[in-house]
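Structure record follows, encoded as structure tokens.
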Amino acid sequence: MKVAVLGAAGGIGQALALLLKTQLPSGSELSLYDIAPVTPGVAVDLSHIPTAVKIKGFSGENARPALEGADVVLISAGVARKPGMDRSDLFNVNAGIVKNLVQQIAETCPKACVGIITNPVNTTVAIAAEVLKKAGVYDKNKLFGVTTLDIIRSNTFVAELKGKSPSDIEVPVIGGHSGVTILPLLSQIPGVSFSEQEVADLTKRIQNAGTEVVEAKAGGGSATLSMGQAAARFGLSLVRALQGEKGVVECAYVEGDGEHARFFSQPLLLGKNGIEERQSIGKLSAFEQQAMEGMLDTLKKDITLGEEFVSK
């Protein structure tokens, strides 16, 4: 199994690469790419960690050597948020980066499963889909927006509030991956109940958690370490499913049946070909139903922005 990380010299990319080097199954290959000249050195640094995962780093304009034979590609390349910016402010720079990298994926490893981490995810996933479609290689069961950070944050905040162990909590999060489009389904956590005020406060905290980190880092970046952990969790789940493990479920932002929006984050059963089954979002509470209906316009605008970026 070969996993490629694009944007591997950045804060998220380095954290992700470290976790993959230590946790990928024995015999896996890990390929690191970034435009920055330090990237082969990051690979050498990680190569000294004693795990049976082969690692190689590539830098420069051309990502193709890193992509050859990849089964899974995780894209974290792009610029980070600074205080006062929202995820959509990143669009102007990151849209072009994602478009370029996905074109190279379409040419080099068109059958790979692709996880997009680069923000704004609501839009960059639509860009990736349109690029793959133009190249005639789009498989909607193999393209994912990685929203796992919203899930792990939800698990952490709920566990803190309720005095539970975080490993016992798993909160499904649906919708998109920014602001109001992030919708944690707090009504679906077995054995945990909340007051209306707790639901309103927790939902808001989960939606604004990225900004909490951006402000706390005081201009020094955005969430890189927790995002690295989230991306590693998603990437490792994908690898396990591709290798035949049964019952692997993760939420991610994918093209579904279009009931709510063309792309929508929902629970997915993963399998040997990527998505095996898009699972139901289940029964929503009145609060969740209202929040979902209220976000769809924002989400659809984000998606259209990505589609138009490729068609223009």
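Start at 1 and count along the chain as shown; that gives each residue its number.
Each residue, glycine too, has its Cβ placed from N, Cα and C.
Keep in mind it's a predicted model, so treat the numbers as computed, not measured.
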Next item on the list: With GLY7, ALA8, ALA9, GLY10, GLY11, ILE12, GLY13, ASP34, ILE117, THR118, ASN119, MET227 listed by Swiss-Prot as binding NAD(+), identify the candidate in ASN62, ASN92, ASN94 belonging to that site.
Entry: ASN94
Next item on the list: Could you state the whole-number distance in Å separating the C-alpha atoms of ALA9 (NAD(+) binding site) and ASN119 (substrate binding site)?
Entry: 17
Notebook entry, point to check: Taking just the CA atoms, what is the gap between HIS177 (active site, proton acceptor) and GLY11 (NAD(+) binding site) in Å?
Noted result: 19
Next item on the list: May I ask which of the binding-site residues ARG81, ASN119, ARG153 is closest to ASN94 (NAD(+) binding site) if we compare their C-alpha atoms?
Entry: ASN119
